[in-house]
Amino acid sequence: MITEGAQAPRLLLPPLLLLLTLPATGSDPVLCFTQYEESSGKCKGLLGGGVSVEDCCLNTAFAYQKRSGGLCQPCRSPRWSLWSTWAPCSVTCSEGSQLRYRRCVGWNGQCSGKVAPGTLEWQLQACEDQQCCPEMGGWSGWGPWEPCSVTCSKGTRTRRRACNHPAPKCGGHCPGQAQESEACDTQQVCPTHGAWATWGPWTPCSASCHGGPHEPKETRSRKCSAPEPSQKPPGKPCPGLAYEQRRCTGLPPCPVAGGWGPWGPVSPCPVTCGLGQTMEQRTCNHPVPQHGGPFCAGDATRTHICNTAVPCPVDGEWDSWGEWSPCIRRNMKSISCQEIPGQQSRGRTCRGRKFDGHRCAGQQQDIRHCYSIQHCPLKGSWSEWSTWGLCMPPCGPNPTRARQRLCTPLLPKYPPTVSMVEGQGEKNVTFWGRPLPRCEELQGQKLVVEEKRPCLHVPACKDPEEEEL
């Protein structure tokens, strides 16, 4: 696998490159992609279909889909994706709950906790978008009618009312309209003046190419009907002409449609391991399109999958650091509960390196100076309440959330640095071990006080990939 910041695999010249659209061998055929986008979980750079997962994942930087639009899985070792954003709160007012998830993605292995690829892990937390819920208001009585909107013929008049009986609260509103209208008649006849309707479309030119026996022309017309002038009382007629004509200008020469030339040679396979993609090209020049003629139909390029049958290098990756060893000092039986600095170490393992990939960068062992407070009785103090934890179980019945106060030890005031060897400077010293803190009893407890609450309006856990189907 190519980790972030690592160089791309070295490309070695193979003894033979195979150009193919090969039938898949081994597992069912999949769609193979050249890139897996960690931020979105989507496959990028479609290489082609009809290949097996094993062939696609010769390059661990690639990714695959079992069907178009399906779940994208990277070819690297499985690990957990980023957490999704929190879903909307299950209620719009008062207290509710919301979910988020992450997925085990990868191939040929398991995520931490022995979880299979494709498995979802959920988190549930309490939420509150708005403290109060909206309360509807009530309308006042209708006000008086306003004057008619016109001075002749028929119009409308309006009356209004206020949303204040009572006023709405917390974003509520009054149902219905704040005003209403009705027809009104002035008993006076208005004159209607004529107005042109919009111009109709231009008629087609008599020819589509220039150079014909007659000069092409186009015409359009309009009607005095928007509205027509009234007779009693008399309205004014429409000003201007009812039609107009013009010459057709700028007509192009008759078009020549383009045609494809022959396909060119197939390009070499661009990779030396895993799958690649070759290309053929052709040119729209047989003939070249002219005078607005249509371009050649179809694609100017076509691609094929090429298989080097060579696995790509896989760089090593460090496991997580192991636990710190006990804090000891050479030639001393025990330094616990004493102002005597010692040393401790932890290690890690470089795993997964194959096919001449890069070795893990960095040290395999980490050493630090320490004071041992293992099983030391120390005076303690109660911490403040922790923040509320996640709702557990996120997908089970009756989830609850909890917070705690802990009896935390007060560490001894030993020197924070030591000089173990003269001339090598000061070294930081870390406290190590599990002390035995002692606090005054709180709510009947000596070490941990816990408070629990139920999570409200809990939504169901649903796979987002299934919701898209």
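Here the Cβ of each residue, glycine as well, is placed from N, Cα and C on the backbone.
Residue with Swiss-Prot feature C-linked glycosylation site, selected from TRP321, TRP432: TRP321.
Between TRP142, TRP318, the residue that has C-linked glycosylation site written against it in Swiss-Prot is TRP142.
In the disulfide annotation of Swiss-Prot, CYS284 is paired with CYS296 out of the candidates CYS269, CYS296. What Swiss-Prot records as C-linked glycosylation site, among TRP122, TRP202, is residue TRP202. Your range for region 'Interaction with Complement C3 beta chain', going by Swiss-Prot and the list 342-350, 351-359, 396-404, is 351-359. The candidates are TRP80, TRP139; Swiss-Prot tags TRP139 with the feature C-linked glycosylation site.
Comparing Cβ neighbour counts within 10 Å across the glycosylation sites SER208, THR272, the minimum falls on SER208.
Sequence-distant contacts of TRP199 (C-linked glycosylation site), defined as residues of its own chain at least six apart whose C-beta falls under 8 angstroms from its C-beta, comprise ARG220, SER221, ARG222. Secondary structure counts, DSSP: the domain 'TSP type-1 3' (193-255) has 0 helix, 10 strand, 53 coil. The domain 'TSP type-1 5' (315-377): residue composition by secondary structure is 0 helix, 21 strand, 42 coil, according to DSSP.
For the domain 'TSP type-1 2' (136-191), residue counts in helix, strand and coil come to 0 helix, 15 strand, 41 coil, using DSSP. Counting Cβ atoms from all protein chains shown, CYS148 (disulfide bond) has 17 others lying within 10 Å of its own Cβ. Secondary structure at CYS56 (disulfide bond), taken from DSSP and collapsed to helix, strand or coil, is helix. The two recorded residues, CYS439 (disulfide bond) and TRP382 (C-linked glycosylation site), show a Cα separation of 7 Å.
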